[in-house]
Amino acid sequence: MPMSLGNAFIKNFLGKAPDWYKVAIIAFLIINPIVFFFINPFLAGWLLVVEFIFTLAMALKCYPLQPGGLLAIEAIAIGMTSPGQVKHELVANIEVLLLLVFMVAGIYFMKQLLLFIFTKILLGIRSKVLLSIAFSVTAAFLSAFLDALTVIAVIISVAVGFYSIYHKVASGQSVHSSHDHTHDEGISELTRDDLENYRAFLRSLLMHAGVGTALGGVTTMVGEPQNLIIADQAGWQFGEFLLRMAPVTVPVFIAGMLTCMLVEKFRIFGYGARLPANVRQILLDFDSEERKNRTNQDVAKLWVQGAIAVWLIVGLALHLAAVGLIGLSVIILATAFTGVIEEHSLGKAFEEALPFTALLAVFFSIVAVIIDQELFKPVIDAVLNVEDHGTQLALFYVANGLLSMVSDNVFVGTVYITEVKTALMEGMISRDQFDLLAVAINTGTNLPSVATPNGQAAFLFLLTSALAPLIRLSYGRMVIMAFPYTLALSLVGFIGIMFLLEPMTEVFYSLGWISHHVAPAADALLQSGH
């Protein structure tokens with residue numbers, strides 16, 4: 001019997017998502033305007049934030065762009081925020097959007113080099129604990145100079161490469177044949193266990209690398225977008241930023257590495273999976289096959305990609321241009337010198353990042369609602385009104401941490417540093433206290449935010465990437481795997497803020513490594529358009 005038109009509409013709405021999910025989204029769309037107009041706009045704002053987090057948590061059931069986008073469109077339509085405010089948010093975050101469009105695509109054209117390097121690391125280090133630390137330290141080092149999103153894009157691209165090599169062979173095909181690695185039909189029962197173990201192995205490496213990006217990203221002013229904003233407001237240069245953060249970031253880095261060792265050693269929270277012997281053999285065969293078949297043309301491509309990688313790191317570390325523009329230069333150089341000149345070959349590179357770029361634009365419209373409805377204002381006001389300096393520092397760290405777990409850490413960091421700058425201008429706090437608070441804000445937004453994918457853009461990118469469903473990495477699983485790290489980083493960060501920050505900063509002053517800033521200088525900074 002043919003389907004009625006009404007049923008066809010319902011069937012088409014959100015496609016293959018489960019029926020209960022469709023009902024939930026429709027219920028949200030009905031409830032929100034009622035709460036906004038008849039109960040309380042503030043409550044409606046928080047309801048929207050919770051609903052948006054729900055769509056992120058269900059990313060494996062349905063990509064969050066559609067349900068989240070519907071909620072955002074309705075929020076703008078009923079006046080929770082305005083298209084102007086959304087545009088303002090997008091303009092303010094244009095660097096992040098450019099980064100996603102161009103940098104992630106640029107990394108795609110450096111795949112051969114990345115697979116070459118990481119295959120050597122993966123096959124060279126037998127111990128899983130050492131391998132995990134190697135991934136974490138590499139990610140931390142890279143994200144101290146590059147953006148965390150770029151680093152995660154690199155690691156995702158490597159993991160997809162590893163996954164598809166094994167999947168092809170396990171499905172009974174040759175390594176170089178074209179193959180769809182999203183379907184498991186061709187895999188025999190014997191290799192299915194290996195595949196599950198391999199998925200768990202890749203999951204754990206990706207989570208170690210993801211946390212590594214947070215550990216490295218907090219240390220320097222170029223590590224995360226909000227670090228740049230905070231450094232700009234405080235008038236700090238690269239070296240001063242590094243030193244002022246060190247009393248908190250160094251102990252936290254050590255705690256992160258210890259956590260990495262412990263979860264692998266005791267195989268807890270979903271870690272500890274080893275590389276199955278069969279998979280290792282397939283990767284070894286692939287490596288020797290690649291070596292045998294490598295022509296001079298392939299070697300030339302690797303050299304070109306190596307040179308571009310050097311340009312990428314130098315360009316980003318010295319901030320020679322906006323991150324996205326450096327990404328565009330990578331696309332141009334890599335394609336020109338490796339001979340990729342057809343339009344359809346270029347298109348593939350953009351497939352990974354553009355859905356996420358659209359999702360991020362929706363995310364910024366939710367941020368616009370948070371700003372217009374002043375959802376964080378009660379928390380900020382309460383913290384600013386605390387008299388005791390030490391308590392104020394600790395509370396700033398905690399409040400930032402909690403808000404960064406629900407909202408984007410770039411947004412939280414920006415809101416807080418702006419409010420604190422205003423307090424400094426109005427003479428509510430001294431310049432020295434402002435400098436200490438800036439450290440509390442930076443560490444508070446960067447460290448506890450590893451708890452959930454909505455806190456760190458890099459985690460969100462990983463969760464919504466094409467790789468996540470392949471290795472069965474869901475929102476819930478990410479939260480569980482991040483938990484030991486969240487606990488260790490948040491607690492050690494808190495101890496650093498409470499007991500190490502002030503005495504160590506005084507030591508740095510007395511050694512002459514950093515100098516006291518004066519409030520008028522900050523004033524001049526504001527007037528000069530910062």
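Using the three backbone atoms N, Cα and C, a Cβ is placed for every residue, glycine included.
Look at Swiss-Prot and you will find 23-43, 45-65, 90-110, 113-133, 140-160, 205-225, 238-258, 308-328, 351-371, 451-471, 479-499 tagged as transmembrane segment, backed by sequence analysis.
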Tell me whether the transmembrane segment (351-371) sits in contact with the transmembrane segment (451-471), defined here as at least 3 Cβ pairs under 8 Å among residues 6 or more apart in sequence. yes
Long-range neighbours of the transmembrane segment (23-43), counting only residues six or more past its ends (CB under 8 A): 14, 51, 54-55, 67, 70-71, 74-75, 78-80, 373-375
Do the transmembrane segment (45-65) and the transmembrane segment (451-471) come together with 3 or more C-beta pairs under 8 Å, pairs six or more apart in sequence? yes
Maximum Cβ pairs under 8 Å to the transmembrane segment (90-110) - stretch from the list 140-160, 238-258, 308-328, 451-471, 479-499: 308-328
